[in-house]
Amino acid sequence: MFVDQVKIYVKGGDGGNGMVAYRREKYVPKGGPAGGDGGKGADVVFIVEEGLRTLMDFRYQRHFKADRGQHGMSKGQHGRKSEDLLVKVPPGTVVKDEKTGQILADLVTHGQTAVIAKGGRGGRGNSRFATATNPAPEIAENGEPGQERDVILELKVLADVGLVGFPSVGKSTLLSVVSSARPKIAEYHFTTIVPNLGVVETGDNRSFVMADLPGLIEGAHAGVGLGHQFLRHIERTRVIVHVIDMSGLEGRDPYEDYVTINNELKEYNLRLTERPQVVVANKMDMPDAEENLQAFKEKVGDEVKIFPISAVTKQGVRDLLFEVANLIETTPEFPIHEVIDESDTSVMYKFETEGVKFDITRESDGTFVISGYDIEKTFKMTDFSRDESVRRFARQMRGMGIDEALRARGAKDGDIVKILEYEFEFID
């Protein structure tokens, strides 16, 4: 098992803008305001897809931006809410906020969903602001900005394919050739003492996880050598790739190796022999390999399909990967015969705005900079092209206590105040 990790950017859709409009119909004097509200922006929703096994797809698309809501219209018509953006993830994906490290979701079962970036609400149209003293307001809100964040996806990956075979037959070399994994490679027994895993992608954009498992020797089912550790990992795989050294340089007979490994898999008695097995004749670039392969074929018979390859020269590797990918698609998952802790450790996470309404700092040129979730959200939802909206924004700032706080920090008439990229003069 290893942890695959990728960083992506998600943004919920902005809400649609409210509209300033008036009812203008014949025989209807003083029709009044008729601007509709904007629609809600779409959420970015992660959903578990049981057919996915890796995070490979996120290597190519790392930005996910949901659609904004439709703007409000005249005649009191509200904008349409946008459809949520569904992002498929494999089972076992943990989503963390990159900035805070907070776990946003732990996605386990097929169809499970989690809202990772909420869409903004639609801005209100001018019909919402009508009062007895202002029956025809020329004011409307912009849509609320959608939530945006960088998130880290982590996936504890189990291997789809297990490489088995005696030590030093070339399993680590094969894994390094077909994936980005970089296992230790050396010509001595038990080079691999813990499983190395790599994500393999075929030429037709299919992907799977391949494990170079610890070398297996006779007696592994009884715990000899690294036996139990090896067999626990292979128990989780769906396809077994049996790598055999056809060069004979180690002084072993390829057929005897083949029989010994299969006997060990059978003795472990966890349906390992029911898994499809691909026999790989490796090191075919060596001098005596072809002769040894012919002798091996005579002993195993025609019913065993053999893929001659050279992991070093990559000869035959492409056809091997296509065969393995086809077998994975047609082979069901096998049950795991071990105790699994099923205690309920689920946690509900709730999106909350920041507790502090605003913060005031002063730059070297004397400019007062106001920041904070509430004031920045209010600023973005204000339509500054309309005088009435600007006056409303000034009232909202006073209501938040910003004017009073600026005076306490020494602000005087004519001083520059900045919110985001917008600058204005302070008037006492």
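Glycine residues also receive a Cβ, built from the backbone N, Cα and C atoms like all the rest.
The feature domain 'Obg' is assigned by Swiss-Prot to 1-158.
Annotation source Swiss-Prot lists domain 'OBG-type G' at 159-329, citing sequence analysis.
For Gly165 (GTP binding site), other Cβ atoms within 10 Å of its Cβ number 25. The GTP binding site annotation in Swiss-Prot covers 165-172, 190-194, 212-215, 282-285, 310-312.
Summarising the annotation, Swiss-Prot assigns Mg(2+) binding site to Ser172, Thr192. In the three-state DSSP assignment, the secondary structure recorded for Ser172 (Mg(2+) binding site) is helix.
What Swiss-Prot records for 350-428 is domain 'OCT'.
Look at Ser310 (GTP binding site): DSSP puts it in a strand.
Fewest Cβ neighbours within 10 Å among the binding-site residues Lys171, Lys283: that distinction goes to Lys283. Summarising the environment of Ser172 (Mg(2+) binding site), the number of other Cβ atoms within 10 Å of its Cβ, over all protein chains shown, is 24. Its Cβ placed at the centre, Ser310 (GTP binding site) has 22 other Cβ atoms within 10 Å.
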